Amino acid sequence: DCPSGWSSYEGHCYRFFHPPKDWADAERFCTEQAKGGALVSIQRFGEEDFVSNLITKNLQRG
């Protein structure tokens, strides 16, 4: 189970954060959000679709 505000896909938790950050700041930020947290690293096509949809949904919210 993922914390409130996070989305689950194949046993992993994902969350879109705003505003944009550079790579180093984003990685640091992600490690502070949850134990084992890190920037997403796409491993397979289904995960790519899931993350793409998550980004699109969050950008549409503004």
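Glycine too: its Cβ is placed from the backbone N, Cα and C atoms.
Since we're looking at a predicted model, the values are computed, not measured.
The Cβ neighbour count for C13 (disulfide bond), using a 10 Å radius and every protein chain shown, is 16. Residues or ranges marked as disulfide bond by Swiss-Prot on the basis of sequence analysis: C2-C13.
As annotated by Swiss-Prot, domain 'C-type lectin' applies to 9-62, with the evidence given as sequence analysis. Secondary structure counts, DSSP: the domain 'C-type lectin' (9-62) has 28 helix, 4 strand, 22 coil.
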**Prompt:** What count of other C-beta atoms do you get within 10 angstroms of the C-beta of C2 (disulfide bond), across all chains shown?
**Reply:** 14
**Fill in**
Model confidence for the domain 'C-type lectin' (9-62), as mean pLDDT, reads 93
